[in-house]
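One structure below.
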């Protein structure tokens, strides 16, 4: 594996995200910069400038027309993907930790942290409603959302929408129509850092500080598999073509300065989905891996680390031969 090294951030990476086709890779970090890259060669396509604080999350809609970002500057911003123009700005009372689009790209959602006396909320905005978001005006301040659901915890680490418009955040599910809690499961013993779905949306995987990643059924929320490591897991992703899982993490960032890469275990680690056995590691980062993502075609994956670098790894032909022989 010969990685493509992306150097476009001055501080640690917070999230990386492919668009649906996989030709673009969006990266955000604890600096105000939002970058977009060509995934095939690592060329930087452009930046989205406007945030004034750390950017925690990024998402692109189904046809990659719009990009959504959330930041510690107490704002959620909507961008035109092609031109980089800011289309809308929603001011919040606290930092925006997670954000995302629904499948039609018409509804955006984001969660805010519990801080400075403000409660954690999950908010929904309908882009088709000019009274909420009017993209002809820039910016829209203090807009009222379609719905705002109080969070059950101080912070929501990740949020995603299922095909039946059922958002699952952390360990509970809420229907946007009523805000009523449907399910509550607690399989991890410490904070959950990341949650990602499979390509067909039948499963999702969580990454936790309790040194494990766990696989769940999206419909029943049944716990299916557990992948164990010796260090906190910051991110986990499911291969779209093989029964493989990639985990990223390592020793806590505050302890990295006195730790070697060998002891810190900063490698990306590959597990078999069914057997829960580790079969490979990829080195490269000089600190904990904060975010991992498989390319939608399954032929490569990317990782973003505390060192501020994003690495795109294209799998060697032997990787595919090994899987087919197995």
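Positions of Cβ are set from backbone N, Cα and C atoms, glycine also.
Unlike curated entries, TrEMBL annotations are predicted automatically.
Across all of the repeat 'WD' (6-47), the predicted model scores a mean pLDDT of 97. Taken from TrEMBL, the feature repeat 'WD' covers 6-47 (among others).
Annotation comment: TrEMBL describes 48-89 (among others) as repeat 'WD'.
Marked as repeat 'WD' by TrEMBL: 185-226 (among others).
Here the repeat 'WD' (282-312) has, by DSSP, the following mix of helix, strand and coil residues: 0 helix, 16 strand, 15 coil. Residues or ranges marked as repeat 'WD' in TrEMBL: 282-312 (among others).
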Checking distant contacts: for the repeat 'WD' (282-312), what same-chain residues at least six beyond its ends satisfy Cβ-Cβ under 8 A?
1, 3-18, 20-22, 25, 27, 29, 37, 39, 42, 194, 196, 199, 231-232, 234-242, 246-253, 256, 261, 264, 266-268, 270
I need to check the long-range neighbours of the repeat 'WD' (48-89): which residues 6 or more away from its ends have a CB within less than 8 Å of a CB in the stretch?
11, 14-15, 17, 19-21, 24, 26-34, 36, 95-101, 103-105, 108, 110, 127, 133-135, 138-141
How many of the residues that make up the repeat 'WD' (48-89) does DSSP mark as helix, as strand and as coil?
0 helix, 23 strand, 19 coil
